[in-house]
């Protein structure tokens, strides 16, 4: 088995397989690594190597995930596959594996099943922007009309969660046949067709440095004769000396000017995504700024108190609660650098939430936070993490 190193010149895309248990997600993942490693180098990972995924701890949550990588003509892909349904739920909500696109695997023999629906809903809630479909196990279906029927069902299901069902690429094949080296249409060619569609359908994500500037404030200092300095790690974009920026969250949005950027005691012209910097703010008093606010490019992000969220509640074994909670529960919501108290409303018909569940809820915070869809947070009680969530929609 050749272990040739990847050239890192190609654009990098994060993807993953989603879909119902036993529809063939892991077999497809193995087939992708086998066929593409033969074409473009990289490492073939067998089914059982992928299936016994190591457990990782992400923000105190135990998630089993397999990471594989492969290359196409155009791109380098990092691909995640999870052994169990609960792992998918946790993975998608915590953002442990942020996906630029997902491959939904549906067994042609069974059609869409409950987790097919649940994974599409999760993808919608957590902001996975693009879904492609691999209609698997086509070798078990003799009737072409049945295939068409399943394809129609999948497209309608995607539509019902606001994905463009009619325009979604659907590739019919058999991951197992492809893995076994079958060269008929449903074998290896179906895998090559799938990656061709991935290259074409999933756009290259915008790099962090090209996005609008945002820096969560971690600390605030007053330097005599210089003014107020805030420190933090630039999450995205670039801030240049002399630019106008906004301070957003916790209170009224304020405008200020960046008059200096400092890193490791050196003065810079700019701070870029990934840098830990101190930013000097003109005319801003120390008491006007606090941890939990963000510095941002003007008008790029707004403060909100009320939102819909998808939340995973830690199980007792993960150090979470031992008892359920109900509507009106008031924990802290930890966004970026700080905790804000909020009250939760459960959906109609949901009495309570048990540890280990995932749930859609409405949250009302007591102070506004700079927020947008896709923002991750932790749910805490007195400093202990009891849940993880993602903002699925801002309300007000």
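For all residues, glycine too, the Cβ spot is worked out from N, Cα and C.
Here is what Swiss-Prot records for this protein:
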type: BINDING; residues: 19-26, 81-85, 136-139; note: GTP binding site
type: BINDING; residues: 26; note: Mg(2+) binding site
type: DOMAIN; residues: 10-206; note: domain 'tr-type G'
type: REGION; residues: 19-26; note: region 'G1'
type: REGION; residues: 60-64; note: region 'G2'
type: REGION; residues: 81-84; note: region 'G3'
type: REGION; residues: 136-139; note: region 'G4'
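Locations of recorded Swiss-Prot features on the structure.
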residue	record	DSSP (3 states)
19	GTP binding site	strand
25	GTP binding site	helix
82	GTP binding site	coil
138	GTP binding site	helix
Query raised in the report: Going by C-alpha distance, which of the binding-site residues 19, 82, 85, 138 is nearest to the residue listed as 'Mg(2+) binding site'?
Result: 82
Report summary line: For the region 'G2' (60-64), the DSSP helix/strand/coil residue counts are 0 helix, 4 strand, 1 coil
